[in-house]
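To start, the structure itself, in structure tokens.
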């Protein structure tokens, strides 16, 4: 049997060598059919039975530049990696020997819809205890998993853990959220960290794994998941974990580095410019991209490229080959290209999502309410909540809105309305302009409560795992079709049933048709809003903060411009019904928004619509719109506006009426508005801060 040597690693053709069990290599590279039959990707599948391994040998030493220090002694020079070309044929005797060991070496190159993860008759783990005495997972980790009450493997864990432990080229794993994905990469990275601790005699010897995620909230959730297992490990074998995320003080100490680091891209890129910080990453073994499709969607690819270059530059010559693991709910041509650049041109690929598996989990019951207009939509939603609170005391709901200002408005408005109409439910809110401590507190309180409502932006659409969410509600079309699936995925988790409810108006119906055509989304029940008991007038007697309302609708106009372009919706109709909602909220039938709010829409609007709903001026009825910037392609904010919700602190309760503003007992004005970031056309969301 021919052997190709990769540095210190040994790769037998078709068989990765472990100390006890031989496993087949997973499918090499990514098949075209997994990219929605895209013609952009023409690379044929690799026939691993032919035994061909191709690579170029290239080694280049790079210098660390820009620090003003000689870092050769500190971190060594860089080995960009070498590979050796070999061509070999498996003999018949070797094939027979493999069959005796019950190893499936068959890879059907024509079967591009399903790539088998592993096929071993004598090892099909269903519980973590099945790994005992295999030499794959250290007993100290298995005991810690048991103490943390992780006993049974989920389907993704059954398919993926062993290949992730054995891969030499790195791996792309397609997996849905809520399927046990975090534990899937936790185990191989923890195994590597424990081995490093043993080898170093319990001393800190640098970072072993870095996990890169799109949001602070997801980073903290993964951190908590690791801590559950680490609590069961003691003594010199126990690895340490820290985070490097925007908006919070680092828990990472480069002078005594933890073995595992969880990071958001912007903060990691910035900190790697520090020689001291970078020196802790010279012997990194694992790099994990979690929610990789979202990392690319929100515009982090240039940042990830920069991080990749930095890591390659600072790794020492004698470091083991870097293993990169990428997890994503969707895998398309763009992500495949990213994986080839960051992982390996012939990366291992495993698909844990069955070909005929619906985009939305079968445990999620999808319901649509067709509303007459935006006023009817918000009124019906409030009455829907009122009825649920009466009928289901343990109701736990997440409400998704498109902008941070929309979250602030609905949070304050619903809090007052619930108080006014004796609707007994706790309300929390979460978005990127709140401080990290406020966000963490809101999420923790929502998780802890048996019932409640969390109003949030897309920041919580991916990765955030809250047990017991019974309902997910969406009041606007998602900016991207894929986001719908991720939002509804917050319910129906861990085998429990959930309900996803979409409130939609006639001008937005093209969005529903796109959901069906692109994602196969069908609604089991479609109701008219009149079927809801609308006994409470949501708007009667309410006195909202006009500044908050102006901020909401100012940024909403830019969002409407974006979705009208994406889904080919009539901008005139969207503006008419939403400005009518604005008037109903303020109870001013002739109220108009500033013409500046329509700047992203102006070319699509009829002149009569512009005259009816907008006026020349500095900010609608009350000069609002400072503070958030919101959606759109321009900087909408101005200095002197309201920024009362972005800060840290205020002494009011997190539950009702908690404005969490900067300074004072009532969370008053901070005195400085913030301009908006560029809109979606620039690649990143205008709510970029939600993602770091």
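The backbone N, Cα and C atoms fix where each Cβ goes, glycine too.
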Matching range for Swiss-Prot feature annotation, region 'Disordered', among 18-49, 50-81, 82-113:
82-113
Examine the ranges 282-285, 286-289, 290-293 and name the one recorded by Swiss-Prot as motif 'DEAD box'.
290-293
Motif 'Q motif' per Swiss-Prot - which of 130-158, 159-187:
130-158
Range annotated as region 'Disordered' in Swiss-Prot, from 593-642, 643-692:
643-692
Three-state composition of the motif 'Q motif' (130-158), taking helix and strand from DSSP:
15 helix, 1 strand, 13 coil
Give the nonlocal contacts of the motif 'Q motif' (130-158) in its own chain as ranges (CB under 8 Å, at least six residues past its ends).
18-21, 123-124, 165, 173, 175, 179-181, 183-184, 187, 190-191, 194-195, 228-233, 237, 352
Take every residue in the domain 'Helicase ATP-binding' (162-349), average their pLDDT values, and give the whole-number result.
92
Any further residue of that chain within 8 Å (Cβ to the Cβ centroid of 175, 176, 177, 178, 179, 180, 181, 182) of the recorded ATP site:
154, 156, 184
Could you check what DSSP calls residue 180 (ATP binding site) once collapsed to helix, strand or coil?
coil
Which residue counts does DSSP give the motif 'DEAD box' (290-293) for helix, strand and coil?
2 helix, 0 strand, 2 coil
Helix, strand or coil at residue 175 (ATP binding site), per DSSP?
coil
